[in-house]
Amino acid sequence: METKGFTQDGTVDLRGRPVLASKTGKWNACAFLVGYEAFERMAFYGIASNLVNYLTTQLHEDTVSSVRNVNSWSGSVWITPILGAYIADTYLGRFWTFTVSSLIYVMGMIMLTTAVSLKSLKPTCTNGICNKASTSQVAFFYISLYTIALGAGGTKPNISTFGADQFDDFNPHEKELKVSFFNWWMFSSFLGALFATLGLVYIQENLGWGLGYGVPTVGLLVSLVVFYLGTPIYRHKVRKTKSPARDLIQVPVTAFKNRKLQLPQNPCQLHEHEPQYYINSGKRQVHYTPIFRFLDKAAVKDGNSGRPPCTVTQVEGTKLVLGMMLIWLVTLVPSTIWAQINTLFVKQGTTLDRSLGSSFQIPAASLGSFVTLSMLISVPMYDRYFVPFMRHKTGNPRGITLLQRLGIGFVIQVIAIAIAYAVEVRRMHVIRVHQITGPKQIVPMNIFWLLPQYVLLGIADVFNAIGLLEFFYDQSPEDMQSLGTTFFTSGIGIGNFLNSFLVTMVDKLTDRGEHKSWIGDNLNDSHLDYYYGFLLVISTLNLGAFIWASSKYVYKRETKEVNEGCIEMDSKALEISPLGLQV
């Protein structure tokens, strides 16, 4: 309830006191957050976009090993948020989990800057012949990288959800503002990524790796100071359950114990608290949906579990997580496609003509800036033009449903990898015509041939990345929104690991006898086109799997308290149709 101007969703300040809606939260609070996101993205992409080149040129790793190590590190950065989200939702809350983790992140950046700056921590070269990196040098470098990954585990799932917490879902005006939050949040992320791929990559290759890593380290420190300046106006969610993830275990166990019981004909006969309970507690009631019906037995009133039955709301929370897992599975292949940007696309670019004028060479990793540029252009167009146009057509506040947004992004991504395949076929043709065989020979083909695939992947990500982040936040059970957001991050992480696995297996299976590896150290004498063709096939099949999964998904329906105990349904219709067309 709204009392004396306080927020209606029960948010509090850092000391646990109710906060005034007019003086806290909304975009005023988010302004202190976006700076950190921009600098964190700058730091991450400043490392990820050019790490494959550092490993091959400075630590002298081979192509397959470097691609595998980049993917393993990137995967860890996106997987560790599962732990950070669990700690936030169960113990510390988003603010304090972020605080501790951000300090670990900065410490990792300082260590990495040191690793690439001190001569004693890098391999030495004499007359163009470089020594292999020592065990201690390699160990310190990778400890630095994985310290950053550990810190990212607590920052990634909590900073975006903490930003979303600044908007009151019970206030119609703030809820409308929240619709645009994730678009503009990712916009700030793209700005950081743009500076990394345009500026930091150039600095690393021309002015020194130490300076290239030192700039975002200082930026992170400054952004943290700015973040804490906003503390007085932040809103903090109050945890309503001690262990939000407990239902994920309790519901299936109870359903299994009750497996021999008959379900009632009417779902209203399943166990549920009275509406007044949810009004008094401030929790949200989630209504029955006819999917995963085997779990409904956990809410049978006369069960065999020896303890009170689960409520329909608890059961539906578990159903939500299972439904999100189904969608999550079909995001893994798109994440694998995305992993090419910082690995094989970069190595592919190093073989092409990168001259711009008589003396300037475009760093191959800088082409990734066009991914970010296309995102920066597409986000305002999507938010200011596409959404209002589609909102008028469909009546949906978002313009299109969350799953429709993902579907459009996946289609664009399939087109992008098809173009990447066609460009690589063209590159191989030029290699044959000019009889190029040496690993360092430049193919007389301009690097901007790669531009369309970068641009299309950027446009696809406006639909995919933002759509996935919003989808998993929106569809998560109320007390598990940090943990729910890790579906987004872990999907990217698994995609990186999957790409590492595919690259390793393809290299081993194709490098036999007289057959050349599709992904050898010498890309001018390999068959990268075959690998891209393989990715095109599996991404097309995955698109079909996504269409099927989305046709089975049912959006959550909640009841929430508004205006002195009255109840309002936050409705998401139950009709099931392809690509989640539910209006």
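Our numbering is plain: 1 for the first residue shown, then up by one each step along the chain.
Placed from the backbone N, Cα and C atoms, the Cβ positions cover glycine too.
Positions annotated as transmembrane segment by TrEMBL: 95-118 (among others).
Under 8 Å from some Cβ of the transmembrane segment (181-203) lie the Cβ atoms of residues 30, 34-35, 37-46, 49-50, 160, 163-164, 167, 211-212, 215-216, 363, 365-369, 371-373, 375-376, 379-380, 382-383, 462, 465-466, 469-470, 473, all in the same chain and six or more residues away from its ends. According to TrEMBL, the feature transmembrane segment maps to 181-203 (among others).
As annotated by TrEMBL, transmembrane segment applies to 209-230 (among others). Outside the transmembrane segment (209-230), and at least 6 residues removed from its termini, the chain residues within Cβ reach (under 8 Å) are 29, 31-33, 35-36, 38-40, 42-43, 46-47, 50, 54, 58, 102, 105-106, 109-110, 112-113, 116-117, 196, 199-201, 203.
For 320-341 (among others), the entry in TrEMBL reads transmembrane segment.
Sequence-distant neighbours of the transmembrane segment (361-382) (same chain, 6+ residues past either end, Cβ-Cβ under 8 Å): 45, 49-50, 53, 183-184, 186-187, 190-191, 193-194, 197-198, 201-202, 205, 341-342, 345-350, 352, 354-355, 447, 450-451, 454-459, 461-462, 466. According to TrEMBL, the transmembrane segment annotation covers 361-382 (among others).
Proximity of distant same-chain residues to the transmembrane segment (402-423), defined by a Cβ-Cβ separation under 8 Å and at least 6 residues beyond the stretch ends, is recorded for 327, 331, 334, 337-338, 340, 345, 449-450, 452-453, 456-457, 459-464, 466-468, 470-471, 474-475, 529, 532-533, 535-536, 539-540, 542-543, 546-547, 550, 553, 579-581. Here TrEMBL flags 402-423 (among others) as transmembrane segment.
Residues or ranges marked as transmembrane segment in TrEMBL: 454-473 (among others).
Positions annotated as transmembrane segment by TrEMBL: 485-506 (among others).
Summarising the annotation, TrEMBL assigns transmembrane segment to 530-550 (among others).
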| request: Can you tell me which of 95-118, 454-473, 485-506, 530-550 gets the most C-beta pairs within less than 8 Å of the transmembrane segment (320-341)? | output: 485-506
| message | Below 8 angstroms Cβ to Cβ, which residues of this chain, lying six or more residues outside the transmembrane segment (95-118), approach it? | response | 14, 36, 40, 43, 47, 54, 58, 84, 87-88, 137, 140-141, 143-155, 158-159, 162, 208-210, 212-214, 216-217, 220-221, 224, 227, 234, 236
